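Student: Below you'll find the structure I mean.
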Amino acid sequence: MPMQGAQRRLLGSLNSTPTATPNLGLAANHTGAPCLEVSIPHGLFLSLGLVSLVENVLVVAAIAKNRNLHSPMYCFICCLALSDLLVSGSNMLETAVILLLEAGALATRASVVQQLQNTIDVLTCSSMLCSLCFLGAIAVDRYVSIFYALRYHSIVTLPRARRAIAAIWVASVLSSTLFIAYCDHAAVLLCLVVFFLAMLVLMAVLYVHMLARACQHAQGITRLHKRQLPAHQGFGLRGAATLTILLGIFFLCWGPFFLHLMLVVLCPQHLTCSCIFKNFKVFLTLIICNTIIDPLIYAFRSQELCRTLKEVLLCSW
């Protein structure tokens with residue numbers, strides 16, 4: 001990940017020895033003041049990564065199998081699953097290598113570990129950027145399908161979707177390579193934070209606008225059928241609750257990680273910030289949790305995809 005030297009975990013593992021860590025403890029900073037440090041067990045981290053890996057592999061397999069799902073919307077969902085798969089897979093790979101280094105089962109030179117670290121960092125960073133981009137792309141696709149319903153199939157065509165997907169992957173890989181190469185520069189970390197905030201604002205604006213249009217549509221139906229207003233109010237409350245959950249999960253899972261990046265720039269030596277830095281793996285775990293939740297929100301709610309998924313599972317048995 002694009003962190004300063006303190007977060008280069010693979011290199012640090014070369015000279016480390018296996019130690020037992022509690023699940024929750026107080027770590028002291030350099031002044032002796034206690035810091036709340038939450039230690040995520042490697043087993044839990046790997047288990048969450050494995051769940052994410054299996055979920056997203058199933059989504060990709062189901063979409064690839066069913067030609068009816070080869071539409072622009074499902075292409076974006078498939079790419080989101082693929083990028084989430086790479087997020088969890090790269091973090092699992094890094095954790096596995098750390099465990100092997102700490103156990104002495106993997107003996108190698110520091111230069112080799114540095115190259116491996118850089119490769120994993122680029123893979124992780126590019127997959128995270130892709131994941132954020134495809135979340136934004138799905139929001140844009142849904143927005144166009146609602147506000148330009150009659151022209152949707154002429155606006156969002158499969159060739160355009162493929163070009164957008166290719167552009168996102170290429171831009172993410174190139175950007176992450178530059179980010180890792182210049183990760184010690186504050187401007188790089190600020191760019192990542194600004195990018196996250198831009199995606200958050202984009203999704204919030206689009207989904208709020210879509211909710212407002214849906215409420216207007218429900219109100220029109222209510223007037224047409226002369227139903228009472230509470231039915232419309234109930235629809236608005238359900239829509240607001242769904243929107244709150246959608247954006248809340250996105251912010252809670254991704255926000256702490258980008259807050260960490262921002263604090264690295266703003267207060268790298270501050271005592272409170274130093275305490276927050278100690279919980280870096282917690283922030284990564286939240287991102288892994290988001291890769292588990294994404295298929296539940298964007299993929300498994302589709303009946304067509306779920307039917308195909310059952311076929312894939314039955315064929316595998």
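Don't overthink the numbers, they just go from 1 along the chain as shown.
Note that Cβ sites are derived from N, Cα and C of the backbone, with glycine treated the same way.
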Student: Would you say whether Swiss-Prot puts Ala212 on the same side of the membrane as Val312?
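Tutor: Same domain label for Ala212 and Val312.
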Student: According to Swiss-Prot, N-linked glycosylation site sits on which of Asn15, Asn29?
Tutor: Asn29
Student: Using a Cβ distance cut-off of under 8 Å, indicate which of 38-63, 73-93, 164-183, 241-266 has the most pairs with the transmembrane segment (192-211).
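Tutor: Ranked by Cβ pairs under 8 Å, first place goes to 241-266.
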Student: Determine whether the transmembrane segment (164-183) and the transmembrane segment (73-93) share at least three Cβ pairs under 8 Å, counting only pairs 6 or more apart in sequence.
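Tutor: Between the transmembrane segment (73-93) and the transmembrane segment (164-183), which are separate recorded stretches, there is contact, as judged by 3 or more close Cβ pairs.
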Student: Any chance you could find the range in 38-63, 73-93, 119-140, 241-266 with the most Cβ pairs under 8 Å to the transmembrane segment (280-300)?
Tutor: 38-63
Student: Quickly jot the same-chain residues contacting the topological domain 'Cytoplasmic' (141-163) by Cβ under 8 Å, restricted to those at least six beyond its ends, or write none.
Tutor: 70-73, 75-76, 206, 209-210, 213-214
